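**Student:** Positions annotated as active site, proton donor by Swiss-Prot: 137. Sequence annotations record features per position, and here Swiss-Prot assigns active site, schiff-base intermediate with substrate to 165 based on sequence analysis. Marked as aceneuramate binding site by Swiss-Prot on the basis of sequence analysis: 47, 48, 167, 189, 191, 192, 208.
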């Protein structure tokens, strides 16, 4: 049931080695690190996971390893979106086979597909997922697909759709979606507005920075449930100070560097054409890693 998918879900990074190959050992450590820090689930193979610079077989390997390592301890959502419907269907079938709890797909991008073509794309993936709920992934800043509110309302009511990952800064639209669909599982996508997203109606979030400080986001959820707005705001501010630094360094490579200093990821590199972190930021990232490890205890 999609209702079981509510919570704080880390958008999992994909570690690579010096030769740009998948680093399976680091991936396993990262899964365990997230489990140990109290994350509710993992969103695997999305933007943060650098899915679009991986081959289809690599993406399937990542799904298999994560499913094997998580062993039913947390919820697992497989992002299977590709421009190609057939490739998306192949990944969806793999997610079902590996025991994932849901699939997700970004709107098909690059080509100017019609909205009906978008709907057909999702219907085909849902069919291949064989009963797994679909999490529609709306991220207009990266996909270039700017869905209207009416189009979002149509997509989330397709048979088989159980959730929406709303990676948009439009909190008014977030509230409108919640008002229209009170039972929809709704994820906030931008980490820097997590608390605001919850207040606008989100059930939880899917975010990249949860990989290094997921307990802070769980703290925001707890504070808001208790009506403690001041604590929620304080925690969001602390998260945003980290995000300010990561925006300067490049978010994915910055996160991997922090995780490297935490002894979770062996090599802090993203796949090319992404480059490495500028060395001038390394002292700040190392200090951040030490701070977070002390805070976590």
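Note that the numbers count up from 1, one per residue, in the order the chain is shown.
Cβ atoms here come from the backbone N, Cα and C positions, even for glycine.
Thinking about packing and proximity, how do these listed features fit into the structure?
**Tutor:** Sequence-distant contacts of residue 137 (active site, proton donor), defined as residues of its own chain at least six apart whose C-beta falls under 8 angstroms from its C-beta, comprise 46, 79, 81, 104, 105, 106, 107, 165, 167. In the three-state DSSP reading, residue 137 (active site, proton donor) counts as strand.
Residue 48 (aceneuramate binding site) carries neither a helix nor a strand DSSP state and counts as coil.
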**Student:** What does DSSP assign residue 208 (aceneuramate binding site), in three states?
**Tutor:** coil
**Student:** Restricting to the same chain and to sequence separations of six or more, state which residues have a Cβ under 8 Å from that of residue 191 (aceneuramate binding site).
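**Tutor:** Set apart from residue 191 (aceneuramate binding site) by at least 6 residues yet with Cβ under 8 Å, we have 205, 207, 208, 209, 210, 217, 239, 243.
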**Student:** With every protein chain in view, how many other Cβ atoms are within 10 Å of the Cβ of residue 48 (aceneuramate binding site)?
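**Tutor:** The answer is 23 other Cβ atoms.
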**Student:** Including all protein chains shown, what's the count of other C-beta atoms within 10 A of the C-beta of residue 208 (aceneuramate binding site)?
**Tutor:** 23
**Student:** On a count of neighbouring CB atoms within 10 A, which of the binding-site residues 47, 167 is highest?
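**Tutor:** Top count of Cβ atoms within 10 Å goes to 167.
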**Student:** Helix, strand or coil for residue 165 (active site, schiff-base intermediate with substrate)? Use DSSP.
**Tutor:** strand
